[in-house]
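Okay, so here's the structure we're looking at.
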Amino acid sequence: MSIFEELAEFGCEQILFCRDEATGLRAIVAIHDTTLGPALGGCRMWPYGTEEEAVTDVLRLSRGMTYKAAVSGLALGGGKSVIIGDPDRDKSPELFRAFGRFVDSLGGRYIVAEDVGTTPEDMERVRSETPHVAGLDAARGGSGDPSVFTALGVLAGMRACVEEVYGSPSLEGRTVAVQGLGHVGYRLCRLLHEEGARLVVADLRPDAVARAVGEFGAEAVEPAGILSVPCDVLAPCALGAVVSDATLPHLRCSVVAGSANNVLAEGRHGEALRDRGILYAPDYVINAGGLINVSGELEGYDEGRARGRVARIYDSVKNVVEISKRDGVPTNAAADRLALERLGAGRRPLAAAG
Ligand code: NAD
């Protein structure tokens, strides 16, 4: 497939290949769609096996950012960048400064943030060359740790799901099974505990499990058993592909609502969940709290305002559920429709010829 065919397949506007002789930088920036605003998205550093793999990954990830921003009602487009290299071996301050100069050359059409393989320190280096960086430390006037807001957003989206299924958004007395007690999962457990939910948890790290048991009275189960726990809500906060042909028959929940990306192994598993009467909160809708928070930096960060906007993930999930019912499609397809509706509304009609 030619590069332009691949851009067309992903609906991507622009791609920039960046090469710097002195530092060995090889990076790709994908500006997927700027209909709703500048393209914001993280910079991933990864030792891709081939250049084709890197191109496909940056296109796929940038499209995801466009959809996520659109369903969240943000005045932002979607973009992403990748640096080809091993984050443990190939980093240098000069490499990130060289990358920053490329970001700067885009004049604000692309705003970079950290992602897998990059750190706040790397972003500081990028920032020495361009102002178009988001996701800085709170101490430097930035929006701080995104996982706090991701957890808040998951809670808001979970409330919308529980209301749809049980008639009340309250999580008091509900059993929530949380897979993964990392940055988001642990914070989510704390919020759920404060709401009076009953927690069942699993993590590969025994210390993380012990902390949740000690602090929140959670019941611990083995990682292999968490997906089949009888519960009201299953909250995947660890890995992707949690819902697959192999796991579907074992799920014993009414709602799937967590922070993990790519929860469905394949799109068709959204339909399969619906057939089983399980309400699925699409990943990029419910886990947008971090993006919503970081986007506040573009207008001068204000934590109170960010919290208010993240709470609206409740409305976004409600919206998706309504579209799902209106159009008779699973919620994952409904989320894509909502994103495309917002993008369509944002596109100005072409001026009449002549
Ligand atoms: P993290 O790395 O801090 O935590 C993940 C936790 O999952 C770890 O404690 C790990 O031990 C555990 N884990 C891994 N495999 C497991 C398994 N098989 N069973 C049980 N536990 C397992 O990551 P995080 O930042 O908390 O993010 C969690 C998920 O949410 C990821 O999929 C991430 O992509 C997604 N997400 C995170 C954010 C954010 O703000 N951090 C935003 C959007 C999406």
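The backbone N, Cα and C atoms fix where each Cβ goes, and this holds for glycine too.
It should be emphasised that the depicted structure is a prediction, and the values quoted were computed from it without experimental measurement.
Here is what TrEMBL says about this protein:
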ACT_SITE  Lys80  active site, proton donor/acceptor
BINDING   Gly180, Leu181, Gly182, His183, Val184, Gly185  NAD(+) binding site
- Message: Does any of Lys80, Gly180, Gly182, His183, Val184 have a Cβ within less than 6 Å of an atom of ligand 1? These are the recorded positions; tell me which, or none.
- Response: Gly180, Gly182, His183, Val184
- Query: So around the NAD(+) site, Gly180, Leu181, Gly182, His183, Val184, Gly185 aside, which residues have their CB within 8 A of the centroid of those CB atoms?
  - Reply: Ser147, Val178, Tyr186, Arg187, Leu188, Asp203, Ala208, Cys237, Ala238, Ser259
- Across all the protein chains here, work out how many other Cβ atoms are within 10 Å of the Cβ of Gly182 (NAD(+) binding site). 15
- What residues, ordered by sequence, lie under 8 A Cβ-to-Cβ from His183 (NAD(+) binding site) and sit at least six positions away in the same chain? Asp145, Ser147, Thr150
- For Lys80 (active site, proton donor/acceptor), which of the binding-site residues Gly180, Gly182, Val184, Gly185 has the nearest Cα in space? Val184
- Task: List the same-chain residues at least 6 positions away in sequence whose Cβ sits under 8 Å from the Cβ of Leu181 (NAD(+) binding site), in sequence order, or say none.
- Result: Cys189, Val201, Ala202, Asp203, Arg205, Ala208, Val209, Arg211, Ala212, Cys237
- Note on the structure: Within 10 angstroms of the C-beta of Gly180 (NAD(+) binding site), the count of other C-beta atoms across all shown chains comes to 26
- Query: Looking only at Cβ atoms, how many others are within 10 Å of the one on Gly185 (NAD(+) binding site)?
  - Reply: 27
- Message: Under a three-state reading of DSSP, tell me whether Gly180 (NAD(+) binding site) is helix, strand or coil.
- Response: coil
- Query: When a 10 Å sphere is centred on the Cβ of Val184 (NAD(+) binding site), how many other Cβ atoms does it contain?
  - Reply: 28
- Lys80 (active site, proton donor/acceptor) in three-state DSSP notation: strand
